[in-house]
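Here the structure is laid out as structure tokens; the discussion comes afterwards.
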Amino acid sequence: MEKTIEHTSQQAEIYLPSIYSLTLEQLQAWMAEQGEKPFRAVQVYEWLYEKRVTSFAEMTNLPKSLREKLATQFTITTLKTLVQQTSKDGTMKFLFELHDGYSIETVLMRHDYGNSICVTTQVGCRIGCTFCASTLGGLKRHLEAGEIVAQVVKVQKVLDEQGERVDSIVVMGIGEPFDNYDELIKFLKIVNHPKGLHIGARHITVSTSGIIPKIYQFADEGTQINFAISLHAPTTELRTKLMPINKAYPLPKLMEAVRYYVEKTGRRVTFEYGLFGGVNDQIEHAEQLVELLKGLKCHVNLIPVNYVPERNYVRTPREQIFAFERTLKKHGINVTIRREQGHDIDAACGQLRAKERKEETR
Ligand code: SAH
């Protein structure tokens, strides 16, 4: 009896890699190793990303032996929906369970320019921003590329029922994408590929808290993907108070890296600036921000703080948000105030997971 139990639990620990983690080139290389033709990889991609099947058995134009071989080596990751909430404004929030029991969040936002999905890259986060719910409980593990891809496929399947598609992706869910860099890059290649989900690079945005070496690396990737920096403060002293990562990667060095990015890619960069009441939301901060960003091809996105029960930050009054915005505009800085969506459904990073999975986030 005991033996059987041991056997079962060992079986449960055998985890096959996700087929969604393979770029088309990697899948072609795998096919070649098996003595198969490269077009077989394209066929598999079509089944996965166009027809969106959930088993290898359904891939009926592949030889049965190949389907069986695929099934012994890979899994088609399925995410179990633990919670699905729909906001009055149409925003949908999902709490998904991974194969090992950890949970992640994915958000679908409805804009007049299309459907946008916000994906998670890590179970938890180790960056420790003082205002963020995603970092409560630290980092549990990285996601593999296929687990990030699976979020998009899963939400696309929900949209399939309405005859709609995922038009854009923001990598702004739980986790620090540049702390899981290689899997992030694979994910970007897969969703961007014409035979993959075919989402245009200019419709994808990656945001980082500021891991400087990875900013240089990302600049050198030569992609057209949009790039955002979580700035949140105009001076290094204040930024350190809000974001401990500023000790390892201080603001002046961060700005050097961002300037390198803009020069190298010719693309403008977005700065996310959360307004935390009484902390970084005064006119003097707006003026310091003007100084910091002078001459840089950029856009500032002001985010009124999302209240997190575990954190003490309060909202900036509306009038003051507008005054902050006016100060930036007056000096020629492109600025928008983030439209709030899903306010009634815990749609800020990590909030739903923090609420539903207390044991994971402590
Ligand atoms: N780790 C990456 C990706 C997360 S993007 C990054 O830091 O860029 C999510 C954005 O929401 C980041 O700019 C983050 O700083 C911001 N954010 C997190 N918690 C927030 C809160 N309570 N209120 C407003 N913005 C918040």
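Cβ coordinates come from backbone N, Cα and C, glycine included.
Listed in TrEMBL for this protein:
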type	residues	note
ACT_SITE	Glu105	active site, proton acceptor
ACT_SITE	Cys349	active site, S-methylcysteine intermediate
BINDING	Cys125, Cys129, Cys132	[4Fe-4S] cluster binding site
BINDING	Gly175, Glu176, Ser207, Ser230, Leu231, His232, Asn306	S-adenosyl-L-methionine binding site
DOMAIN	111-344	domain 'Radical SAM core'
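Shown here: features listed in TrEMBL, placed on the structure.
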| residue | record | Cβ contacts under 8 Å, 6 or more apart |
| --- | --- | --- |
| Cys125 | [4Fe-4S] cluster binding site | Cys132, Ser134, Thr135, Gly138, Leu139, Ile174, Gly175, Glu176, Asp179, Gly350 |
| Cys129 | [4Fe-4S] cluster binding site | Thr135, Ser209, Ser230, His232, Leu242, Met243, Pro244, Ile245 |
| Ser207 | S-adenosyl-L-methionine binding site | Val170, Val171, Met172, Pro177, Phe227, Ala228, Ile229, Ser230, Thr270, Glu272 |
| Leu231 | S-adenosyl-L-methionine binding site | Arg239, Phe271, Glu272, Tyr273 |
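For the recorded positions Glu105, Glu176, the greatest number of Cβ atoms within 10 Å around a candidate Cβ is found at Glu105. In this structure, Ser230, Asn306 are the recorded positions from Glu105, Ser230, Asn306 whose C-beta falls under 6 Å of some atom of ligand 1. Counting Cβ atoms from all protein chains shown, Gly175 (S-adenosyl-L-methionine binding site) has 30 others lying within 10 Å of its own Cβ. Comment: S-adenosyl-L-methionine site residues Gly175, Glu176, Ser207, Ser230, Leu231, His232, Asn306; largest CA to CA distance 18 Å, whole number.
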